[in-house]
Amino acid sequence: MNLKSAIILLALMIGFFQVFLYVIGGLFSSFGKSPYSFTPTGILTNLIFVGSMLVGMELSRAWLINHLGRRHTFLALAFVGLLYTLLSIPLTQITGLRPELESITFLNSSLLPSLAENLLASLLALLAGPLAAIAYRGMLQGFWWFCPVLPDLSWAFKGLIGTAVPIVGMVAVNSFYSIKAGHGKPRRQAKEGFPVGWIITSIICVVIIWFSVGLFPFHPSLVASGSMRPMMDAGDVVIIAKLPACAELP
């Protein structure tokens, strides 16, 4: 098996593992009926729609990343990943972001997972061409579009799985490529170690979002008025801790 075929197989395994974790997450939350049509006509229509969009997107991604990534691999991956993230998310959802729980939930459950997915797809397209990116994203798209029963995940579960798996996948793909390419003739290598920064940044972002919306026993809050003077002024940031109903205050 040559290097490109091995990376394509690895991409399939990462996609399958991510789907597997979604199903496991559904066992801890719940499952629901898919909103898509499962009549023969509906399946065929969705197959043509999803397939053509997936193939067209990954062919253009592979062309763009291989032209931009000849000199500046890291910058090309970041640019292409961000570009295709913006293309895959409706503009109204991005421009309509507000400092509210719904917007923070959108960032964690949609924007960050989409960015991580597109970064991994861009890396796969750079190292093994469009088939590797199609193998990974096709596994995910096939699950969400053609599975009659889907996991109804909380935004925390969805954000954690959708962000962590692609980032860890980038580390695995980059390490695998570096090891295999070293045994053959010289090949263009991905910048060694760069995914470590992405995985640390992504984990920090997810933890900050969870902390901000109160997923932990304590969370920050902004004092909006001066009703608590002189102890607190408007604009002060306080940490609110959750206490049981029977707890005694000091």
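Note that Cβ sites are derived from N, Cα and C of the backbone, with glycine treated the same way.
Predicted automatically and left uncurated, TrEMBL annotations should be read as such.
According to TrEMBL, the transmembrane segment annotation covers 6-24 (among others).
Long-range contacts of the transmembrane segment (36-54) within the same chain: residues 134, 137-138, 141-142, 145-146, 148, each at least 6 residues beyond the stretch ends and with a Cβ under 8 Å from a Cβ of the stretch. What TrEMBL lists as transmembrane segment is 36-54 (among others).
Marked as transmembrane segment by TrEMBL: 74-94 (among others).
Look at TrEMBL and you will find 115-136 (among others) tagged as transmembrane segment.
Residues or ranges marked as transmembrane segment in TrEMBL: 156-177 (among others).
Marked as transmembrane segment by TrEMBL: 198-218 (among others).
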Take the transmembrane segment (115-136) and find every residue of the same chain, 6 or more past its ends, with a Cβ under 8 Å from one of its Cβ atoms.
3-4, 7-9, 11-12, 14-15, 54-55, 58-59, 61-62, 65-66, 69, 73, 76-78, 80-82, 84-85, 88, 162-167, 169-170, 173-174, 177, 190, 198, 202
